[in-house]
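Summarising the annotation, TrEMBL assigns transmembrane segment to 36-53, 65-87, 99-125, 137-160, 180-202, 214-234, 254-278.
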Amino acid sequence: MATSTLPGGLIAFGPDANCTLALCPLEASLLQYRPSLPASITFISVFGLSLLVHTAQGIRSKSWGFMSCMISGCIFEVVGYIGRIIINDNPFDFGGFLIQIICITVAPVFFCSAIYVLLSQVINLLDRSISRCDPRLFYWIFIPCDIVSLVLQATGGALSCIASTKADIDVGVDISLAGLIFQVVTLTIFFFLFADYMILCWRLGPREKLTRRLLFFLLFLSLSVLFILIRCVYRIVELHEGYFSELFREEVPFIVLESGIMSIGVICLNIGHPSLAFGRRGSKKMELDPTDSADSAYELTNRLAVSAALAVAEEQDTNDRRMERKWVSRGFVKNFRKL
């Protein structure tokens, strides 16, 4: 980021920043405030606890993909708030700002990846015949979109921090902004497709499969998507005027619409964990892989039906042969007596 110089050769921001609170006024820092230490510690604790719970839930249910995405997102959140603690100690610390702006910005991308794969699993679990598109497309469309969003936000954040002029800073901010907008568009499309399928399922699909556990899971999944959307819209508004806007330098909106909203969103995915809907892989309750549960269930049913039919036919054939041998034996005895 462009260095901010003060009288006496002091540099307020940038890789060569040498300001401290003892030497420079707080207003000379980029944020113009010291991030709340209690708030940062609180959110580190929340995301850290959620990380541990997701790890335990993931190992227990063997939902490795979902668990990996959630753990990655929580780690980024924790590291990001450690960056804010560094800034609290020294608001002019360039490394601390770099850590918090990149990590906190990109963390929700991993949560979105975890959410996207669930729609395909829900469709396969309920009824894929009423879906408007092949469930596999959700993997091939939304995950690449999420990767694009991640690259744009991370690249933009890094470029804006190492830029040497205000014009270069604005370029980096615009790239991050593009990534956030792309994420909002992708998440909105996902939300509408998800809602559309659930409406179709309620009208045309097997309602008996919509158990209380599944509905509980779907409720908290929907809430999580909604909270992430609210957060992304806030970040778009915040970054619309760059790092020098009044909103960017307000801590209360950040705590409420970034930290608080994302904490609730992550906890929602703890409460409404996918294991509620899909059970544990390898357990008696859920021996089938949830990603292809419909096909496997039909295949298993067909195999059992064929096996049962073959067993009945074989048993009938055995009985027929037994009766045939019995009648043949009786006929032979009668003929022998006549002789």
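Each position is counted from 1, following the chain as shown.
Cβ from N, Cα, C; glycine included.
Within its own chain, the transmembrane segment (254-278) has Cβ neighbours under 8 Å at 36, 39, 43, 46-47, 50, 53-54, 57, 60-61, 63, 66, 70, 73-74, 77, 81, 104, 107-108, 111, 114-115, 118, 121-122, 125, 213-214, 216-221, 223-224, 227-228, 230-231, 234-235, 238, 286, 290, 293, counting only residues six or more beyond its boundaries. The stretches the transmembrane segment (99-125) and the transmembrane segment (214-234) are in mutual contact, each linked to the other by at least three Cβ pairs under 8 Å (pairs 6 or more apart in sequence). Residues 105, 108-109, 112, 115-116, 119, 122-123, 126-127, 130-132, 138, 142, 145-146, 148-149, 152-153, 210, 218, 222, 225-226, 228-229, 232-233, 235-236, 239 of the same chain, all 6+ positions outside the transmembrane segment (180-202), place their C-beta atoms under 8 angstroms from a C-beta of that stretch. Below 8 angstroms of C-beta separation, residues 1, 98, 101-102, 105-106, 109-110, 112-113, 116-117, 119-120, 123, 168-169, 171-180, 182-183, 186, 190, 193, 243 of the same chain, each at least six residues beyond the ends of the transmembrane segment (137-160), sit close to that stretch.
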